[in-house]
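As recorded in Swiss-Prot:
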- C505: heme binding site (BINDING)
- 303-314: compositional bias 'Basic and acidic residues' (COMPBIAS)
- 320-333: compositional bias 'Acidic residues' (COMPBIAS)
- 303-333: region 'Disordered' (REGION)
Amino acid sequence: MSADIVDIGHTGWMPSVQSLSILLVPGALVLVILYLCERQCNDLMGAPPPGPWGLPFLGYLPFLDARAPHKSLQKLAKRYGGIFELKMGRVPTVVLSDAALVRDFFRRDVMTGRAPLYLTHGIMGGFGIICAQEDIWRHARRETIDWLKALGMTRRPGELRARLERRIARGVDECVRLFDTEAKKSCASEVNPLPALHHSLGNIINDLVFGITYKRDDPDWLYLQRLQEEGVKLIGVSGVVNFLPWLRHLPANVRNIRFLLEGKAKTHAIYDRIVEACGQRLKEKQKVFKELQEQKRLQRQLEKEQLRQSKEADPSQEQSEADEDDEESDEEDTYEPECILEHFLAVRDTDSQLYCDDQLRHLLADLFGAGVDTSLATLRWFLLYLAREQRCQRRLHELLLPLGPSPTLEELEPLAYLRACISETMRIRSVVPLGIPHGCKENFVVGDYFIKGGSMIVCSEWAIHMDPVAFPEPEEFRPERFLTADGAYQAPPQFIPFSSGYRMCPGEEMARMILTLFTGRILRRFHLELPSGTEVDMAGESGITLTPTPHMLRFTKLPAVEMRHAPDGAVVQD
């Protein structure tokens, strides 16, 4: 037997106390040195935010609920406060669960980077708007906002906004008709609201982004809807690959990633056909527009010549104001594109990466997905909660029944209670519960904390909106949280459904218009109920968005004529 090794038969060996000392002392010295270096760094630059320990290489990932990661982070927020840090794999992640901190962080340019996510950014390649950064992101965001405003996304009343409202209303009215048709087919008037909502809302976004709409049975449209529904779930299921890329080799993840990549390729092929057709339409429209402008120019020249000849024949004629404005009237208007794709093609510089084919394809996908995913999930939650909360629905009917069967934004927007119901839906079920992750572009000190460059910054909207201090009994659906004592709408400062800062949703106002028209017109035409004996799991399904589990609703049609309420509360037909 050696002095250093204890022989335990043929089963192995154990180091002696002396050997362990030789190994442990240098290791302890290394740990002490690392600790002192960290303390020195913290003294100079600030300490990192507090947070839980994780496992080597895995970080805190094993302790997150894969089905509801937003709830796991909510529990940590209760322990550590409005800001804490953990490791997602090897990615340092700062989680914000206080609205004031979110606004403070996201107003800074250093926080406008993209999060270091392997899967989503690998698929997107740094193009589009959601996963882009620096020049590509800035240009895409600026142009997108300008184009949306040109389509009518403004709070200012006028023809431009009215034109956008009419385009949205066509899709809303189609949805109402589909609900009516499906309810008549069912003996109990029970309808799955998802297909009608997805088709009609999707076609609104198709019209605004691509300048086209689809029939319900169009093969391309059916495929795009299926891809969107499955893709939103799969990216959530495979999300751990973002932090542990080697997991992409597991069979389940191989299948998921293959589905996403094949879906991307097929989607881009469909988009290429749409772009080509739109380009041809744009050329034809511009040609017709130029011909009309030329006719107007020739007509003005003819009128000028006739006026000149008339003056020569009668010099005593006085010069009119129209004569003075002749030069101004000769200025030709330019053709105004009718969708985002037309705007892109009209200003495209084919030599710039900002307008390359990859950027166009990914931008179109981002705008379509962002336009549909969040609004669709919000509408589904809204209808489900109103079917559960009959008190709230009755109050809405009292406000909506005196209006015509298709109320306008001008009629709906003053209804503070309707807006409060929409806001309460977005609070109680944040459809993007962890927001869109940001990336910290460089080392950054805020307050007493040091944020390492390359960190992922997460806005925990779920924790913010479910904070019992800001929203007592947060699981209770109470639209009154958004009303003042005199009934006016007022959003609490902790309410941030569209995030904040430079990367906040660029289509916020358009989303409000869409949600207001859908909710107002659907509730004006139908009474909603859950089928008898039905229980719906209100926890929802987590992916990129938080969506309701599949469910049916009972749609009972309300009178199309305007109704008023008698003093005793009875409904009276006008």
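Keep in mind that glycine also has a Cβ here, set from the backbone N, Cα and C atoms.
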| query | With DSSP, how much of the compositional bias 'Basic and acidic residues' (303-314) is helix, how much strand and how much coil, in residues? | reply | 11 helix, 0 strand, 1 coil
| field | Listed in sequence order, residues with CB under 8 A of C505 (heme binding site) and six or more positions away | value | A370, T374, F498, S499, A511
| For the residue listed as 'heme binding site', which DSSP three-state class applies? | coil
